Structure formats: structure tokens, C-alpha cells
Protein chains: 2
Amino acid sequence: MIRRVTLDLPRRFFAKMSQNSAAAPTKTSKLQVSLKTPKGTKDWADADMVIREAVFSTLSSLFKRHGGVTIDTPVFELKEILAGKYGEDSKLIYDLKDQGGELCSLRYDLTVPFARYVAMNNISAIKRYHIAKVYRRDQPAMTKGRMREFYQCDFDIAGNYESMVPDGEILSILVEGLTGLGIKDFKIKLNHRKILDGIFQVCGVKDEDVRKISSAVDKLDKTPWEAVKKEMTEEKGQTEETADKIGEYVKLNGSLQEIHSTLSKDPVLSTNELAKQGLEEIASLMNFTKAFGVDSYISFDLSLARGLDYYTGLIYEAVTAASAPPEGASELKKKAKSEEDDASAYVGVGSIAAGGRYDNLVNMFSQASGRKSNQIPCVGVSFGVERIFSLIKQRHASAAIKPTATQVFVMAFGGGKDWTGYLPERMKVAKELWKAGIEAEYVYKSKANPRKQFEAAEKSGAPLAVILGKEEYLEGKLRLKRLGQEYADDDGELIDADDVVKIVKQKLLSLHEDGVDEVTRLIKGI
Amino acid sequence: MIRRVTLDLPRRFFAKMSQNSAAAPTKTSKLQVSLKTPKGTKDWADADMVIREAVFSTLSSLFKRHGGVTIDTPVFELKEILAGKYGEDSKLIYDLKDQGGELCSLRYDLTVPFARYVAMNNISAIKRYHIAKVYRRDQPAMTKGRMREFYQCDFDIAGNYESMVPDGEILSILVEGLTGLGIKDFKIKLNHRKILDGIFQVCGVKDEDVRKISSAVDKLDKTPWEAVKKEMTEEKGQTEETADKIGEYVKLNGSLQEIHSTLSKDPVLSTNELAKQGLEEIASLMNFTKAFGVDSYISFDLSLARGLDYYTGLIYEAVTAASAPPEGASELKKKAKSEEDDASAYVGVGSIAAGGRYDNLVNMFSQASGRKSNQIPCVGVSFGVERIFSLIKQRHASAAIKPTATQVFVMAFGGGKDWTGYLPERMKVAKELWKAGIEAEYVYKSKANPRKQFEAAEKSGAPLAVILGKEEYLEGKLRLKRLGQEYADDDGELIDADDVVKIVKQKLLSLHEDGVDEVTRLIKGI
């Protein structure tokens, strides 16, 4: 739908041209602008936009159901606020140009701005949700919903609470969110940073190497073990033996019960302090995931590491069959030209929701700003709406979804030399309907013929027409008619002009009382 | 509510610090980060956020009522797309840093991205609305709602239609929007670029000087005529005589009828081709503003010029008493320190909604991109939500507005050595309520005493409690109780646990059927 014309031609031209529109380019002009959106971004419109708004509305209702309040932070933050939070991904941050004043960057996620907000306002407890755009200078894969500008829908719980209680509810929210959007065949890969760090310790990784080894492990979902091992030994200075030991642990996955039991019996790991703490937390968590009825979705997967620096406890990612790269991805990638604009052919949708616990981030801000220490543990989940959207779109065509809300089309029929077309009169009727909250349109033309008006009405998707007949209107009457092919022969009913709002309202109520609309059907997958 | 700590200290520090949280600063450390949002931006939260969302929802409903569809464009555009559209205000555009790849800028308004979208997709007709943030590096006045990051709520009609028909509807939308938000004492200053340009021509301004003289006239709402005249003659090269003639015209204002009649009788102006076209359009418009019943709001004001380059026809601005600068503003401004961070003391709220007709913008994009000419006339209006919000906030305290939607607080009461606190059981009950779409919370603690649970419930603002009594729960019973001071002595009713969803739903229906909530009351000013 979105067409792109990429013309790599001198800039500056347009500024000059538009200062004086008489100087518009002639046909021989070679100076042109690119009529496109920036790489990795797109316009949203029509049925796509209606579906996306319905997804947002479904998720906001979910978040409110769990006691969430919403906040809105600026799209850009001081550069220093974002610095050092994203590990190897920091290179993907968009900076604003230095035009004098503060140095700023576009937000990379909603989590760091949230922690900044909590620290800045000395908040001790909050459940907040935030649906907003974030920015990453990554290689885009547009049809897989991997973009440079994309929405995140986040729910986070901040506050000092009993261990794993909020974490359990966040996992329930993750499941409720995805199933509420008609996604049933997903699993939640779950791990614990303390257990992972404990594994690295007992395998012989030095403390200062832990984060970089963790980010090597994080690649296991798209990279075979041999390549990851090579990265650990050749690039990241680990011994063959250490790497092999890690390899044994990270291949473990299964239910919470199974892996918890396996690790608890492990004679080496069970003596490690970090791993012990992590395993105790998993034991508590099992009570809560059972109470919420979500344990069947969870796979305890020791290869999950998550790239971001700030996680300190539980980490998780929801994946579906579409998350993995397509078959033969690495061959496809090799074949792709280096100037390839989009990676859709050789990447998967990736995780569709993810999150974890980050207990130090708020305090990091409090301390770095010279305030007194303020330890506010946090846990949250982020839904990747564009990725989820790409799954919803695959379900079935969205052709049946009309982008306007128009309910009534106001028309006038007449003829003869003295026929004015009743334009101001149509406006008056429309205004009455608007005042009563009813969506109404009319054709922007004094004398529009009936066919043109019916065509416009059909395009709007309105189910009802209110017709001003040349003679009838003078007698204080309007004609109310159902629209649509099946009512072509129906002349409708004559009503008193004074009753139009009342009668239209009744008619619309009776039209809409039967069931589920197309958007709901599409997003809930029913 | 938003506290700011501005510490102008070396950057880069935080990046280092956070890589290793063991290296957190000691008390003697002088390296700090500023815990604040960038200048001219703020966080939105609590009741403010609830009110703002209600304003958005009111305006979206209005736009949908008029057949609008919504689109979403990226926050940044290619720099060349924005170049040359904003006259003297172009210096306020935020650029992104050149990090390789395309040069981009944050959008300055929603109009230029809309025109780019229409041209790029070869759209011939659309009524679109767009509620989104825009960016201007201007001097902020936060308490007056003048910010560097702010929302615009735009409705625009693009397409070749009969003269002034869409313009009339846009003016009706402007009035419906403001009155729907409880703003009654506003007026719409209206002018016509063609009439204004005709005036400049008959007063002797050269064609190439018209836009800069127009932007001098635009300052008349905050600057006395003498200063504007000086700008015209000393800075912008006009003769004394030309300036004086302009001065005679731009002091005219009154109803559409009055000014239309005055100008039509003007022997000089009535022979000018541009002015004649403009006056004919005003004559058509009068029919439509009358049909929509909005003419009493309109003041035809020849001093209105609007700064933006792209307007070609009707222009308008809605103002209230708060729009003008406070008394003695220029003295206050002189007294303000030059490093003053905020201009609230000496500026007004400004216009609260504004717009106009721009018939060449889409074609400018079509031609500049090397496509065939595509003349799509447009007209639109933009509501300044932050400014409107500052007026709504003045009406009365928003303390009564609760930010959460929570309806039910799930509690457990018991005691004794064997008392578990029923935490997983409370979770199960909450989950049942969530599944039924009911907003529910509980305390994140195994053994919470009754007082703590009631306090948390009160904080959430939930009207109902579902209580798991130690013995009652084992018998399959739950207790349903109204919350609030006036029900302190009410023990509630015992219900079957199996019926909890059904009974809670009934109860909530009966609680909410009586009338208007606090948010609606506040934003509609009732």
C-alpha cells in the first residue's frame, strides 16, 4: 500500500523551490526530493490503523484491569539518561543533533524513561502502563514487523513487594494479553539472571566477563552452539573447558518443575549462592503461575539471556512459530545484496512480548543524580505490537473492515430549474445528528445527482441514509432508508423532520445490537 | 508535581558507572546526571493524564462523527520534506544527528507530513484526523501549555470540492470541538490570504516582499502597530506610505457580513483580482457558517496573517481571554533573567485552535518528487491540546479524579498459627474477575492484615471488596462489601464463590448507572 520512490538527489533544492511556488520545477529539472518515509518507518492508515487501534484498546483495558495507571514521557531524553543501559545495543540509539542546549536521544525503550520517572518523583510504588513509540537504528524487516520506529505496550510494577508476587502477575498479564489478541500457540521462554550468572561462575567465567558471555549465549536462538562457542573462546577469552561446561547447562529446557528439580540436584550449581537465590525464587513463582493457571505456557530455558544490561532477576520472552527465522535463512542472508533495504526474507518475527525484573535501575538514577539511595525493585513486560500485528494480519483479509465510523449519509433529491440542491439544508440536518453524537456525512456539492450521492454513501460504509426530498422537505418530512445492495428497492420510510435524531438513534441501536463487529472478530481471532 | 534537578556536570560519567553497578558514586563523587526531562518537555501522569486522555477521546469522537479516518506518520521525516514550509519558524525545527544514512528532522506539525502522505499515495480525497506529538525548539512557557514537545489534534479535508463547503464544515468542527470541551467564551479570528495579499498589492508591496510583510502583520496580536510599522519600514524596506495604508486595512474587524460589505465597497481593493476572489469565497462561506450556526463565533479580522508559508486561502485562529499575554507582559519580560527557563510569566496561552486552507502543498510534493502534477486542495484545523488542557485545569481541582480503573479489591481475613493468608487463593479469585473483564487488585503479600488491605483498597479507589474469610472460603463462600467511609459498619453479604462474577457485575452496573463521572464533568465543564 505504501509506495516508495527513492531518489538520491541533491537536498536543499526543495527549500528554495517552495519559497516561491512560481519557481516549481520544469520537466527538465533534475532536482528532486524523495517522497518517502525514513528507512525503517512507515505510515499507518485505513484498515491497518483500525486494527492497530483495536489492539491498543485491548491492551489498555487489560492493563487497567490489573490496576495500571498510565504515564506519558517525552519521545527524547537527555542523552546521559540512556547511556550505559543497553549493552552492545547502545550503538542503535538515535541522537538528536546538537543545536545548542542539552544533548538528547530518542528513547530506545519505555523502561529506562520509566525508571527515570520513578527516581525523579521519589515514587515508592506504582503499576504503570505506557503505550508509545520507541526508536532503534537497526536493520529493518518491515513485513516481519521489525522496524526502526515501533510501538511498545509496557506494563511494569515498581515497589518493594513479597518475592515473585508481582512477577507472577506479570506472567499472567503476558498470557492474558496474547490470548486476548487471538494468539494461542505461543510459549514463554523463561530464565533467571541469577541462575545464569551462577552457572557462569561455576563454569569459571570471571565476574567482569559475565555480561559479555551472557550476550553471546543470548544469540543461541538464531545461531548454532558451535558459533556461540567460538565467540566465547576466540573473541571473548574463555577456555574450551569453560565454554563446554556452559554448553551443557544452556541446552537444558523444560517445565519450571523439571528444570528446577534438575538444577536443585546439581551438586556444583546448588552450592553457588547466586544460583541458590534464583532457584528459591523459581520455587515461589511456581505457586503463583499455578494459581493464575499460566504454567502450561512456560518453558524454563537456560539459553535465554536477553541482551539488556539492566535485568537482575527473572527474564522471559514469548515466542511463536513465526518468531524463528525462515528455513535456509543464513543462505538467504548471504545472497541478499549488501545494500538490501529490508531483512524480511531472512529473519523471523522475533519475540512478540518480553520482559524481566530490574531491581537496580531506579536506584542507579537516584544515586547518579546525587540523591539518597532509593531501591525500588521493578518487573515488567513489553508487548511488540507491530510484530503481533503482522501475525493478526496473516489470519484473514481485513478487507471487511471499514475505516470510517459513518452511520448516516444525508442526501437531497430534486430537480428542475429552481432546484438549489439543498446544501445548507443538508448541513443543518447533519449538524443536528452531530450534536446528538451520530456520525454523519453528505456530499460537498450544491447539486449532486442521486447516483453520485449513493456512491459516496456506499464508500463511507454508512448503513442509513436520511434523504431530503424536494417537496417532502418543504412539508417538514425526511426519508429514512437502509443502505446496501439488498435494500436497493426499498424506498424507506417518511418521518417528521423534528424526530430525525430520535428515530435514527433507535434504528442504529437495533442495527448494532446483534453481536461482534469485524475488527473484534479479527483481533480476537474468532 | 514534576521536580527538576538541573546539574550541569560532566556527561559520559553515567555510561561508565552503570556498566558496573558496584562502582556507584560515593558521597564525595562530584560526577552526576541531571534527573530531569529535556527543556520544554514534561512527563504526564495521574489525574492530568486521565483528563488528557478524555480530551483526546472527545476529539476523536468528534472527528469520527464527521467521517474522519485516522493515519499515523513517523515522528521524524526526511529533512528535505520539512524544508521551506515554515517561513521564519524553520529555525525551530529539531534535526536528528547525522549517524550515517538519511538526514531527518522531527515533525514540526502534522500538516506537512499529511500532505507528503497524500502526494506519496496519490490520494484524491480524504478526511483524516491525526492526534500526535510535534516538536518546536521554541522558548517554553510550561504553565501556559506552550511546550517544545506537544500534542496536536488535527482534522483535514483534502480533495477537489465546491468552494468553501469543506471550509464551512471545518469551522463547525472547530466550534463543536471547543464547546464539547467546555470552552464557551472564545472567538474565531478569521481572514483570507488572498484578501490580505490583495491588500498588500494595492498598498504597494512588491510580490517578493508579500510573505515577509505578512509575517510582520502576524505579530499584531502581541505587538503594537508602531513596532510592526517600524519592522516594515526599517527592516523590511517598505515606504512610510505603504505601511500607513496597510495599517488602515489591518485595523478592521467585525462580523463576516460587516467586513465583507466594507471591503466590497472599497473602491481600490474591490478592483484587485486576488481580493475579489477572496471576497467571493467569503460570501459563499457565510451561507455555510449560518447553516451550521457558527457565525456568531467568527470575527473577520484583517490583522490575522498566520506565520506559515503554506496557507493559500481562509485562515483562522480561536482565542480566549487567556490567549493574550498578561498585563504588563513586556515589563515582566524585561525583568526576566536572560537564562530564564520558562516564559510563563509574560506570555499568554496563545491560540487554542487554528488552521486554514493550503491548496498547493500536496502538489508541491508531487512535482518536487518528479511525479505528474496532482493539485489536491486541503483545508484543516489543529487543536492545541496542552493549551486547552491548561484552561480545563483552571476550572476546578482535579483531586476527585482517580487514575486507576480498579473496581474490586480482593482481600483475605484470618488469623492463627495455621493461617496462610490465602495469597494464591486471592490470585485465583482476581483471575476469575479479570477473565470477565472486571478490574481487580489485591495486596502483594502472603499475610496482610485487614487494616493494610483496607488502606490499599482505599488508595485504589475501588468501590467493592471481595473478601476471602478463613472459614467462609473453605465452605465455598465469599463476602461482597461496599468500600468507603459510609459503609464502614456494613459487613456486606455472603455469596457463593461460584457466583462471584455474576453478582459483582450486577453490583457494578447498579453503581455506575447513575450519571456522569468526574472526568466527564471536568472536561465538559458541567
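Positions of Cβ are set from backbone N, Cα and C atoms, glycine also.
No curator has checked TrEMBL annotations; they are predicted automatically.
Small disclaimer: the values here were computed from a predicted structure and weren't measured.
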- Note on the structure: For the L-histidine site that TrEMBL gives as B:Asp109, B:Leu110, B:Thr111, B:Gln152, B:Asp156, B:Arg306, B:Tyr310, B:Tyr311, the extra residue out of B:Arg136, B:Arg137, B:Arg146 is B:Arg136
- Given the binding-site residues B:Thr111, B:Gln152, which one has the fewest other C-beta atoms within 10 angstroms of its C-beta? B:Gln152
- Sorted by position, what residues of the same chain at least six away from B:Tyr311 (L-histidine binding site) have a C-beta under 8 A from it? B:Arg193, B:Gly356, B:Arg357, B:Tyr358
- Task: Among all chains shown, work out which of the binding-site residues B:Asp109, B:Arg306 has the most CB atoms within 10 A of its CB.
- Result: B:Arg306
- Helix, strand or coil: which one is B:Tyr311 (L-histidine binding site) in, per DSSP? coil
